[in-house]
Amino acid sequence: MIESKLKVATCSLCGCFGCHMSLLDLDERLFDLAEKVEFDRSPLTDLKELGECDIGIIEGGIANVENVHTLLEFRARCKILIAMGACAISGGIPAMRNHYELKDCLEESYTRGIGLVDAQIPNDPEIPLLLDQVHPIHEVVKIDYFLPGCPPSADTIWTFVTQLLAGQPIALPYTQIHYD
Amino acid sequence: MSTLETAAQSDYLCRVAIDPLSRVEGHGKVTLLVDRDHRIRQARLHIVEFRGFEKFIQGRPYWELPVVVQRLCGICPVSHHLAAAKAVDQLLGIEEIPPTAEKIRRLMHYGQTLQSHAVHFFHLASPDFLFDFDDKVAHRNVVGVMADYPDVARQGVKLRKYGQEVIRFTAGKRVHGTGAIPGGVNKSLTLQERNTLLVDIDLMAQWSRNILKLMKAAYAANPGYFTHFATIRTNYLSLIRADGALDLYHGGLRAKNEQGGIIFDHLDYRRYAQVLREQVKPWSYMKFPFINSLGPDKGWYRVGPLARIDNCDFIATPLAEEERKEFMALGEGEPIHVTLAYHWARMIELLHSIEAIKDLLLDPDIFGDELVAKGEVTPREGIGVIEAPRGTLFHHYRMNEDGLIEKANLIVSTTNNNQAMNESIRQVAERYLDGKELTEPLLNQIEVAVRAYDPCLSCATHALGQMPLHVELVEEESGALVDCLVRDAGGMVRKEAFPLHLGEKG
């Protein structure tokens with residue numbers, strides 16, 4: 001019997017893409033990973049619509065309405081959903097805006113900035129509605145695993161993925177959950 | 001500026017969206033308004049996320065800047081880390097940092113340029129060169145490259161790894177390191193680290209020259225397409241070293257016009273606010289910078305690898321200089337305006353970064369133990385500018401007497417290219433899509449145009465709501481759906497049977 005590859009989807013919500021960079025930091029192990037899994041929708045592929053997947057990996061927190069829709073779709077289509085990195089787990093640095101009124105943040109950038117012309121707050125219907133606060137993703141859907149770090153190192157990701165694919169309990173060594 | 005920025009009248013136009021743009025860092029989308037004869041009437045690149053760093057950094061202590069603000073972007077964190085560090089030096093009144101500190105920062109920065117250029121070309125954009133436009137969507141990615149061109153893929157992975165290791169040795173970790181601190185750095189290199197990096201450096205240079213060969217072969221195979229696709233004539237902005245050499249870490253501002261004439265030169269970057277303005281448009285969170293003396297319609301410009309190679313008089317490392325001469329010969333005395341040549345220029349810089357890393361590794365200053373210059377906390381402004389992989393990056397802060405940040409203004413690299421990216425997609429829309437029934441390979445060409453700029457939409461705002469590609473042609477007045485294209489989970493574009501209910505307008 002030919003063993004079929006597991007399907008993995010990834011996305012970055014309100015994050016900086018650093019967790020995805022850490023995934024690419026697997027370096028040569030990317031070739032081993034490609035033997036075991038097949039990528040579905042991800043910033044690394046041109047697939048724009050999410051299929052039925054075994055594993056979904058989410059970077060970033062929730063900052064606007066589109067983030068919420070994407071997260072709900074990932075939860076509905078992925079058997080296992082993983083919060084990768086500080087922003088997905090706690091909102092991270094972008095959640096620092098939670099201390100201020102959203103309006104104040106927008107005005108700082110678009111009406112009080114330096115050297116502005118046509119100062120105004122962008123409001124086109126093409127721009128998704130911002131939430132007043134940035135939220136961690138477990139406040140919106142059930143999360144199966146939390147992978148800590150800003151970003152989690154490639155070694156952490158590799159330990160996690162290897163144990164998950166082998167059906168083992170996840171146990172990260174101390175060195176991989178030790179930070180700056 | 002193209003007339004496609006805003007449709008003259010929006011009656012009876014249909015909205016087509018490419019959402020999300022893929023194989024770019026971060027999230028953005030393109031919308032087209034199309035009339036019944038498939039004529040394109042409007043084309044816009046939108047940045048739809050907002051983070052508010054300029055607000056929430058207020059009240060934070062100055063020393064946090066290099067580590068907090070780099071979280072704007074996980075792809076080029078070193079650029080933000082260093083631009084912030086340069087600004088913080090000024091906040092503390094430090095005019096000069098020790099040679100060891102400056103060289104370690106430079107090493108970190110060239111490592112960053114190497115890894116960022118490699119990740120963009122190999123992991124994201126290479127399918128645009130190696131595969132045909134109508135290649136299967138599910139195959140058109142880095143895994144497809146790994147399967148069909150394993151040698152190219154393996155070299156790409158190792159080139160990026162090399163850059164990341166340079167960053168790890170100088171900044172402590174690969175993504176969001178902590179090496180640059182106010183007044184300098186927190187470590188120099190050990191002999192063992194230096195020797196580890198030296199082992200593969202010549203191999204890296206050789207691989208990067210191979211990629212340049214591949215690039216030139218792609219150009220030679222189809223010069224007509226290469227030269228005209230998404231090409232626009234523009235001004236260019238970059239930092240420049242005092243002697244006119246390419247310098248990614250420090251220099252004065254140089255702007256050239258489309259004929260190559262100087263607009264301003266060797267301008268102290270702390271005076272950027274005198275020469276640049278930013279226009280806000282209601283349909284994008286990304287602002288539209290322009291050169292003040294030329295106005296918003298004529299003053300927009302391009303930054304990044306193409307601008308830097310166009311702007312510099314020479315490159316101070318021999319192999320890259322040889323490549324630069326060959327490249328510039330195509331312009332016959334004018335700047336190169338070819339948009340797809342961004343990829344080529346980027347690979348010249350990849351080679352230059354490797355040469356610059358080697359020079360630094362052989363410089364005994366990198367082992368020094370004088371790492372930090374001392375400053376003092378007093379109310380000041382600091383402006384740090386650097387050539388990030390994607391172009392000129394501005395960090396501007398004001399600090400109060402308690403050492404807390406009162407005001408911040410950031411112009412990230414990709415923002416500088418905002419108008420240019422919009423103009424390029426309009427050129428592609430006009431030349432290749434206009435009057436045709438829209439298909440997935442045609443829409444992919446829009447993405448190829450955006451991708452040439454290697455936009456970092458994470459920086460420019462960031463990540464995204466990912467929605468399926470869903471193209472609807474809707475009659476403006478009645479809202480009736482007249483045509484509908486869907487890109488499904490397999491990436492196939494198909495026409496959807498017209499639903500019975502009325503379509504919802506965009």
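Backbone N, Cα and C define each Cβ position, glycine as well.
As recorded in TrEMBL:
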{"type": "BINDING", "residues": "B:E54, B:L410, B:H462", "note": "Mg(2+) binding site"}
{"type": "BINDING", "residues": "B:C73, B:C76, B:C456", "note": "Ni(2+) binding site"}
{"type": "BINDING", "residues": "B:C76, B:C459", "note": "Fe cation binding site"}
Binding-site residues among B:E54, B:C76, B:L410 whose Cβ lies under 8 Å from any chain A Cβ: B:E54
Pairwise CA distance, B:C456 (Ni(2+) binding site) versus B:L410 (Mg(2+) binding site), rounded so that it is a whole Å: 14
Spatial neighbours, same chain, of B:E54 (Mg(2+) binding site) - Cβ under 8 Å, 6+ residues apart: B:A408, B:N409, B:L410
Other C-beta atoms that fall within 10 angstroms of the C-beta of B:C456 (Ni(2+) binding site): 31
Among B:C73, B:C76, B:L410 [binding-site residues], residue with fewest other Cβ within 10 Å: B:L410
For B:E54 (Mg(2+) binding site), the three-state class that DSSP assigns: helix
